[in-house]
Amino acid sequence: MQPGGKQDSAQFGRETAADGAFVRQPNRFTGRVTRDSRSAPGEGPDEDGHWPVEAGRYRLVVSLACPWAHRSIIDRELLGLQEAISLAVVDPIRDEKGWRFTLDEGGKDPVLGIGFLSEAYLATDPEFAGRVTVPALVDTITGKVVSNDYPQLSLDLSTEWVDHHAAGAPDLYPQALRAELDPLMADIFTDVNNGVYKAGFATGQEAYEAAYDALFARLDVLEERLADRRYLMGEAITEADVRLFTTLVRFDAVYHNHFKCNRQKLTEFINLWAYARDLYQTHGFGDTVDFDHIKRHYYLTHPKINPTGVVPKGPDPLRWLTPHARG
């Protein structure tokens, strides 16, 4: 059997510590596409694992449901990389073989010619037996995965693809702010982005409560931070906003109920809710959100958490379009 799908229960078991805490698997493929790659166009990675920047060569495989993949989708839109890096969207529901290309004619990606993302994983590492994840940047020449290292991938879109950015594209990872940005994003990852998963996938009460408490403590800090600034770093959108948004936009629809993160809803935070709506109404954010994919993925992919398979009808997405008074 291919990695993923029905193996997920066993795989998540391998990602569970003795105390029931969820411990996310490391990213298997950590190649990078960089401007300083010593490989010529059309060649594979150099000795440092760096692939050459080439418009049209790489395909970004994503799920519209996945917050980790959503980061790179937003970055691609904000930076104007749509022509440089093509996009492949998988079915939001994993079956026994994992992420599928059922949204494409014939059930195969028209560029990669595969029906399951796991095929690219196994083409890269025939011994791979972990959980197949998105986003995955795939080389269309070899059919191999360059990277599924989602944090580095999003940063590289900002810093290594600059020659292909649209005119006026934002600097999402400004050099002058990195000393503050990096620890901020690390805290957001640990307590919020991954924190909802640590709460939702915990199999022990103490592990769940520790994740729950850390999540809402961090949200309280961010709520206060956003009281006197439009975005996390001031008046300009940065990668930190992208990373926080992908969790916030899923919070009330999924994490509050499905992952038991229920101290309060996003809509009950004054600043975070207005901030999230501000971003949602910005090009590249709300127009990349698909609540149908999001809800069907979570509520139909985790049968131990939602054994009935019933997908909630709400919340009403139109509330995201209400005035935010932050601009």
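In case you wondered, yes, glycine gets a Cβ from its N, Cα and C as well.
Note: TrEMBL annotation is automatic and uncurated.
Residues annotated as region 'Disordered' in TrEMBL: 1-51. Among the features that TrEMBL reports, active site, nucleophile is placed at C66. Here TrEMBL flags W99, R131, V132, T133, V134 as glutathione binding site. Annotation comment: TrEMBL describes 171-298 as domain 'GST C-terminal'. Among the features that TrEMBL reports, active site, proton donor/acceptor is placed at Y197. Among the features that TrEMBL reports, site 'Lowers pKa of active site Cys' is placed at Y255, Y298.
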Please give the glutathione site's span as the largest CA-CA distance among W99, R131, V132, T133, V134, to the nearest whole angstrom.
10
Site with most surrounding Cβ atoms, counting all protein chains shown within 10 Å, from the binding-site residues V132, V134:
V132
Fewest other CB within 10 angstroms, which one of the recorded positions R131, T133, Y197?
Y197
Between W99, Y298, which of the recorded positions has the fewest other CB atoms within 10 angstroms in the structure shown?
Y298
What's the CA-CA gap between R131 (glutathione binding site) and C66 (active site, nucleophile) in angstrom, rounded?
14
Quick one: DSSP breakdown of the domain 'GST C-terminal' (171-298) into helix, strand and coil?
91 helix, 2 strand, 35 coil
Residues near Y255 (site 'Lowers pKa of active site Cys') in space but at least six apart in sequence (CB under 8 A):
V196, A199, G200, T247, C261
